[in-house]
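As given in TrEMBL:
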type: DOMAIN; residues: 72-195; note: domain 'Phospholipid/glycerol acyltransferase'
type: TRANSMEM; residues: 6-27; note: transmembrane segment
Amino acid sequence: LIIASLTISAILVFFIVPLTVVFFIYLTNFSLLIYQRNSELKADPLSDVWDSARKCIATFWDIYARIWHGYELHGVENLPEGPGILVYYHGAIPIDYLYFLSRLFLWKKRLCLSVADHFVFRLPGLKFLLEVTGVIPGTREECLIALKNGYLVSISPGGVREALFSDESYQLIWGNRKGFAQVALDARVPIIPMYTQNVREGYRTFKERRFFRQLYESTRLPFTPPYGGLPVKFRTYIGKPIPYDPNITTEELVEKVCKGKFLFSFQTKSAVQALIRKHQTIPGSMWKALLERFDKRRK
C-alpha cells in the first residue's frame with residue numbers, strides 16, 4: 001500500500017502541471033462558449049467582434065505566464081507591420097507559444113494565426129476555441145489566404161516530431177520540410193525566427209523513445225506523455241526577419257532559416273542552434289533554469 005501510494009504520488013508530481021494546463025485550455029473553451037451564448041454572437045470567429053473575448057483569454061494566460069514562468073518577450077519590434085511567417089522551435093508542450101500569442105495580442109492587439117498538426121483538430125471539445133484563436137490547418141492554400149489578408153502566420157517545421165523527440169540538447173528536427181519556405185516565396189513575405197529559452201526545462205518527454213517513435217511514425221499521434229511543469233524562467237526571443245528575395249530558391253531560404261543568418265549578432269554566420277547555445281545551457285539544466293527566475297541581471 002505504501003509503495004502504491006508513493007508511486008501514485010510520483011506520477012501526480014510528474015504530470016499534475018501538464019494536466020492542469022490541459023484543464024485550463026478546456027476551461028477557456030467552455031468560458032468562450034458561455035460568452036458566445038450570452039452575447040448571441042454569430043460573427044466570423046476571426047472578426048474583431050471577438051476581440052473582447054480574445055483579450056480576456058490573453059489576459060488569463062499572460063497572468064499565468066508571469067506567475068508560473070516569469071515570462072518575458074523580447075524582439076517584438078522585429079515583427080513586420082504586415083504579413084509574415086514566424087518559425088519557432090517546438091517544445092514538449094508549446095505553452096511558451098501560447099504565452100507569446102497572449103502577450104502579442106495584449107501589446108499590439110494583433111492576432112497571429114497558428115498552423116497546427118492534424119491531430120489537434122481531432123481533439124474533442126476544442127473546435128470553437130481553435131477557430132477564435134486562429135488555429136488553422138497547414139495547407140498551402142490556407143496559409144496563402146491568411147497572408148494575403150495581412151495576418152502573421154506561425155509554424156514549427158519540427159512540429160509534433162520535434163516536440164516528442166527533441167531533448168535538452170535542443171536539436172532541431174525539421175527533416176525535409178520546406179513548405180513554409182515555399183509559402184513565404186509564393187506570398188512574398190519575410191520569415192521571422194522565434195525561440196523560447198528553457199522551454200525544454202519546463203516540460204520534457206521520456207528518454208526511452210524507440211517504441212514511441214515507431215508508434216508515432218505509424219499513427220502520427222503523440223502517445224509520448226510530457227512531464228514536468230517546473231516554474232523555470234521562460235524568455236521568448238524574436239529574431240530579425242529574412243526579407244523576401246525574388247532570386248532565392250526554396251532550398252537556400254530553408255538553409256538561411258537553419259543557419260539563422262537573420263538572428264541578432266549571428267546575422268551572417270550562426271545557426272539557430274548557435275543562438276540556442278547563446279541563451280541556453282546545453283544540455284539543459286532544470287536547476288539553472290529555476291535559478292534564473294531570481295537573476296535580475298540577465299536579459
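The backbone N, Cα and C atoms fix where each Cβ goes, and this holds for glycine too.
Residue counts for the domain 'Phospholipid/glycerol acyltransferase' (72-195) by DSSP state, with H, G and I taken as helix and E and B as strand, are 53 helix, 25 strand, 46 coil.
A mean pLDDT of 91 is what the model gives for the domain 'Phospholipid/glycerol acyltransferase' (72-195).
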